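Take a look at the structure below.
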Amino acid sequence: MLINDTVVAPATNISTQAIALIRVSGSEAFLIVNKLIKDKKLEEKRGLFLRKLYFEDELIDEVVLSCFVAPNSFTGENVVEIACHGGILNTNKIINILIQSGARMALRGEFSQRSFLNGKIDLIQAEGINNLIHAKNELALKIGVANMSGSNNKAIIELKDNLLDIISRIQVSIDYPDYDDVEGSSIEDLTNLLEIINDQINKLLMRSKMAFKNSEGIKTAIIGQTNVGKSSILNALINEDKAIVTDIPGTTRDIVEGQINLENVSLNLIDTAGIRKTSDVVENLGILKSKNLINEADLVLFVVNKENINDLDNQEIFELLKNKTYILIVNKAEKLSKTEKQNLEKKYQNIVFTSAINHDIDQLVLRINQMYLNEEINKNDELILIGLNQITLVEQIKNKLSTALSIIKSGMPIDIVNVDLYDAWNLLNELIGVEYEDEIIDNIFRKYCLGK
């Protein structure tokens, strides 16, 4: 893939703001920007410069230019970043003039793509930048920063090197069958080495899938009888009146959705119809949906109050919650005495007390964060991948290694093993971008922001 033109895009949101940043990158970056400068033309050198921009002798703006000379820039190309006065009209006008002067409007993620293609960052770092920008919670932010910096990427390099070592040992035994006493080349040795790599890949996949789910959002159903405060819980969590809150039983007949981003996890919240005995056909459809959502949800927030906790309808819900991850929420806790709370804590597991109408849900938020505080995905020195394409590649690597292990343990000819090991090694190269297809790379970077 060869990209040799010069591109421009806003690096900040185009809106009514004090300052906007416009990025120009490519071999002709200085030449194009100089077309807008009358006096003190830019030289190809690094620095900060104050200049006035003109178009057809009309003063457009007074700006600060941050200049970088290839290869010492983010993209590896000549780069001029224009800090101009903000505003939709002003920012767009400068961009349009730069396009008329020879630049092309950059595609989404094209600056990061150029950085990757010019060897400034690998593919894991590139995806880390995107993860950082789109992080919904502290966990995703932490993973994005770690992957962007490349601090944990050596794990993939080590896996590649170790796998190549096994491939080489097998190849030696194939090419020189008489030398069967080469150290570390016995079937037992190769199996042990391969199992170590397989275990590392399995752990990477486990961490990554868990972190991906926490980052994208856990499907969370808020269930309970009518008028116990389910909608108040939803509104308190997302800090907006998305669900109708009244004293009339059966107000929420359908599904209401919202999202909340906590420290360790994001929740995709679903407020469901209250579960009760009713002859109302429409309400019964909502109740059936509520019961089905219990099976589909990753986490259930089961809301009760002190008056109805032992009702038969709630006992039915407790039965549905067997083998499910759930939190029992006793709402309207302001009506409970300290002794009543202690007695309930002794009787029920994973219980919290809230007063959602007063927005007192601290216990609930703390409990959810604790539940999803996983040591495996909170280690600072472990590689975690949360891009869907990355996780798919790791799954493919896992499958190739599993097949290779099955072959070597079955006693089949050793040369057959190398086919799957070579495939796994090539997939590791694809993971960090040593090998890639142009269409796949385009697809990855088009998911990025314009200007990045």
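Positions of Cβ are set from backbone N, Cα and C atoms, glycine also.
Features reported for this protein in Swiss-Prot:
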BINDING   ARG23, GLU81, LYS120, LYS452  (6S)-5-formyl-5,6,7,8-tetrahydrofolate binding site
BINDING   ASN227, THR246, ILE248, THR251  K(+) binding site
BINDING   227-232, 246-252, 271-274  GTP binding site
BINDING   SER231, THR252  Mg(2+) binding site
DOMAIN    217-373  domain 'TrmE-type G'
* Just name the winner among ARG23, LYS120, LYS230 (the binding-site residues) by count of other CB atoms within 10 A of its CB. => LYS230
* **Cβ packing number for GLU81 ((6S)-5-formyl-5,6,7,8-tetrahydrofolate binding site), 10 Å threshold** => 21
* In which DSSP state, out of helix, strand and coil, do we find SER231 (Mg(2+) binding site)? -> helix
* Rounded to a whole number, how many Å is the Cα of SER231 (Mg(2+) binding site) away from the Cα of LYS120 ((6S)-5-formyl-5,6,7,8-tetrahydrofolate binding site)? -> 50
* What is the separation, in Å, between the Cα atoms of ASN227 (K(+) binding site) and GLU81 ((6S)-5-formyl-5,6,7,8-tetrahydrofolate binding site)? -> 57
* Structure fact -> When pLDDT is averaged across the domain 'TrmE-type G' (217-373), the result is 79
* Looking only at ASN227, SER231, which of these binding-site residues has the biggest number of Cβ atoms within 10 Å around its Cβ? -> SER231
* To do: Can you figure out which of ARG23, GLU81, LYS120 (the binding-site residues) comes closest in space to LYS230 (GTP binding site), comparing Cα atoms?
  => ARG23
